[in-house]
Amino acid sequence: MAKSFFAAFLIIMLISSLVDGKSTVGQKLKKKLNQAVDKVKEVLNKSEYMCPVVSSFCKQHCARLGKSGQCDLLECICS
């Protein structure tokens, strides 16, 4: 999945570089791409979504809330 995401990103970057930056189509494409990148960064910065990958993220997230945390499948449970 990471390879296909990277390939799609490269294709989008290629298309955006070919489109003239002054045209409205190029500006709209760049704006949408920036919004998508910002949304991905926002999701990745939330520790509870990283719980299945690394359980320490759940513990850190719950510690910020003043609770103890445990990762249960796809859910971070703070108690």
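Glycine is treated like the rest: Cβ placed from N, Cα and C.
According to Swiss-Prot, the disulfide bond annotation covers CYS51-CYS71 (among others). Here the Cβ of CYS71 (disulfide bond) has 21 other Cβ atoms within 10 Å, regardless of which shown protein chain they belong to.
Marked as disulfide bond by Swiss-Prot on the basis of sequence analysis: CYS58-CYS76 (among others). Around CYS58 (disulfide bond), a 10 Å sphere centred on its CB holds 23 further CB atoms from the protein chains shown.
Note: CYS78 (disulfide bond) has non-local neighbours HIS61, CYS62, LEU65, LYS67, SER68, GLY69, i.e. same-chain residues 6+ apart with C-beta under 8 A of its own C-beta. Residues or ranges marked as disulfide bond by Swiss-Prot on the basis of sequence analysis: CYS62-CYS78 (among others).
The annotation domain 'BetaSPN-type CS-alpha/beta' is assigned in Swiss-Prot to 48-79.
Under the heading signal peptide, Swiss-Prot lists 1-21, citing sequence analysis as support.
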Fill in the blank from the handout: Within 10 A of the CB of CYS76 (disulfide bond), the number of other CB atoms across every chain shown is 22
Practice task
Quick one: average pLDDT across the domain 'BetaSPN-type CS-alpha/beta' (48-79), no decimals.
Solution key: 76
